Ligand SMILES: Nc1ncnc2c1ncn2[C@@H]1O[C@H](COP(=O)(O)OP(=O)(O)OP(=O)(O)O)[C@@H](O)[C@H]1O
Ligand SMILES: [Mg+2]
């Protein structure tokens, strides 16, 4: 408890090593959990789980929920909850589906396939999400209605507004450019993927290095140089490894053979075409970076966490917590629309049941990722890992042939278990 | 004659049926410590929360430096260099000392991002002055002791160069050593010309630190006296009986 204990050297050398690396133990825990899930299913499926193909699919299936989960972190950190994300996603995709197939061609007379259509559609979809989110945030922040109630109402309202907009029909097929955001048709390909990976690796290394420089400049304690080097090496390794796996997944040779010239080959033989990084994953990475910067580097983020930690302290410090609530829910609305773009693009259609139960997946992802329902604690990367772990469990069980009801039983149990582990972890580290 | 830093004139505030503050007038001069005493529920915290912008008075006026001033939010109070250390320490437990110190007034980089390293450096500097034992800069303030948390709250007021400092029971949770530290700090700030409203239940401490004391009961000020004109017993009987024995005499 006292100030002195900090400088006491850890007895075990192994502990000391981890300590010097200053790795985030929570992040390590999540990576560990994820690896365990992967390995177990890989053994169970005789090696079919950890194939480039399955990892690719897993990735694109995770994106939509992961995007929304980053926003749910802000909501839960401020001690609110949003039960309406799945329904809001449906309203956004209904608007976007109708927009590109009916309204824009019909009313504005844009031809189907016009290059303007997808972008106008997505823009209006994002605005729809922002406006609905902000309206819910206003009811919560300024009118004092609990978020649970507002968004429970929203769950019913927006699910059925979507139904009303589309007359309950499936809307599609969607625009060719639009569906690039779904993942399978829209990927960077081999070369660009490596370039993107290289840039990301350099940026990560530069970021870690410049953070160190800034600490040195202020005479703050820094970790040893070798520890910094290991962290950089691990980070670069992870990024490039991920790119390598996605690049190892190749288009089926039949597909390539049909049109080998289009892929830059002279013959159909030995013409291997890699998928590479899906656009939807790039979108998720962009969202993750922006949300992390907001959370850790901006006043908005600081106020979100301060309000979650102590709402009274925040408002006594002159923070407008009501407006903050509106902003948070508007952000979630935008992310629901983005998640909706990815989800509907992946299906190729807007369907009636799109996003059903997503609210629970999104909340579970944030919570498994270490966001505390008591407020004030949570990370963006945690929520994304949470989404990935949930999706791995679900797809893994589907691969080994577990029936859907059993899948849900397992996922539900895992959610409760994860939160229990997290609470124990906090007790331990808090008591340190 | 110097103008008062703060004049609160005929302030009233009710919560539902409860008149928490009832037609209270009180003032504060530069370099002066004014103590507020009174039973639990007498209205002390409510009165100073009106000055710090946490509550809005139903009626009455606030004058700062001889000018009538509207204080409708904590931000207004801060803009008038009024800093408050609340009875229930207004700290966000999950954030570290620097984030709390600068909460609502973050230092930013030219691009508008929060400049955490400068905030940390400034915090180190001021803490070295106020509480040299303070080392836990990276940890959330929930991991700090009562005294350490108190120094974060005080550092906030000192760093932003308060002219009026409101301290609501600043030593209630502190040990002997830390209490002495706060007392020394009050004396030093007073020398620098700050005006300080101090709330405490410890009459002896108040007799030592304050220039004047006001006793409240049921939302009203029973009496205001210079400490050299009264004894501790006079103050105690004012608190208990709810009337000023000197005025009666
Ligand atoms: N937010 C509130 N809502 C309703 N009533 C309140 C509120 N705050 C204070 N009161 C009431 O106003 C009166 C004055 O309370 P106040 O907190 O100002 O007392 P105090 O003098 O600071 O007491 P203490 O010495 O216990 O801190 C009490 O009767 C209290 O119950
Ligand atoms: Mg009080």
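Each Cβ is built from the backbone N, Cα and C atoms, and glycine gets one as well.
Owing to the predicted nature of the structure, the values given are computational and were not obtained by experimental measurement.
Counting same-chain residues at least six beyond the ends of the transmembrane segment (A:27-44), those with a Cβ under 8 angstroms from any Cβ of the stretch are 50, 369-370, 381-382, 385-386, 388-389, 392-393, 396, 399-400, 418, 425. As annotated by TrEMBL, transmembrane segment applies to A:27-44 (among others).
Annotation comment: TrEMBL describes A:56-78 (among others) as transmembrane segment.
The annotation transmembrane segment is assigned in TrEMBL to A:85-104 (among others).
Annotation comment: TrEMBL describes A:116-135 (among others) as transmembrane segment.
Summarising the annotation, TrEMBL assigns transmembrane segment to A:147-166 (among others).
Under the heading transmembrane segment, TrEMBL lists A:178-204 (among others). Sequence-remote contacts of a segment are chain residues at least 6 beyond its ends whose Cβ falls under 8 Å from one of its Cβ atoms, and for the transmembrane segment (A:178-204) they are 59-60, 63, 96, 100, 117-118, 121-122, 232, 235-236, 239-240, 242-243, 246-247, 273-283, 285, 341-342, 344-348.
Residues or ranges marked as transmembrane segment in TrEMBL: A:225-249 (among others).
Per TrEMBL, transmembrane segment is recorded for A:277-295 (among others). Long-range Cβ contacts of the transmembrane segment (A:277-295) within its own chain (Cβ-Cβ under 8 Å, at least 6 residues beyond either end) map to 56, 59-60, 62-64, 66-67, 70-71, 73-74, 180-184, 186-188, 192-193, 196-197, 200, 243, 246, 301, 304-305, 335, 338, 342, 345-346, 379-381, 384.
Residues 63-65, 67-68, 70-72, 74-75, 78, 80, 82, 85, 88-90, 92-93, 96, 122, 125-126, 128-134, 136-138, 140-142, 178, 181-183, 280, 283, 287, 300, 303-304, 307, 354-355, 358 of the same chain lie 6 or more positions beyond the ends of the transmembrane segment (A:324-343) yet place their CB under 8 Å from a CB of it. The annotation transmembrane segment is assigned in TrEMBL to A:324-343 (among others).
Outside the transmembrane segment (A:363-389), and at least 6 residues removed from its termini, the chain residues within Cβ reach (under 8 Å) are 26-27, 30-31, 33-34, 37, 58, 62, 65-66, 69-70, 72-73, 76-79, 81-83, 284, 288, 291-292, 295, 305, 308-310, 411, 414-415, 418-419, 422, 426. Feature annotation from TrEMBL assigns transmembrane segment to A:363-389 (among others).
Beyond the transmembrane segment (A:56-78), the same-chain residues lying 6 or more positions past its ends with a Cβ under 8 Å from any Cβ of the stretch are 85, 89, 147, 182-184, 245-246, 249, 275, 278, 280-281, 283-284, 287-288, 291, 295, 304-305, 307-308, 324-325, 328-329, 331-332, 334-336, 338-340, 342-343, 346, 358, 361-363, 365-367, 369, 371-373, 375-380, 382-384, 386-388, 390-392, 395. Taking every recorded stretch in A:85-104, A:116-135, A:225-249 and counting its Cβ pairs under 8 Å to the transmembrane segment (A:147-166), the highest total belongs to A:85-104.
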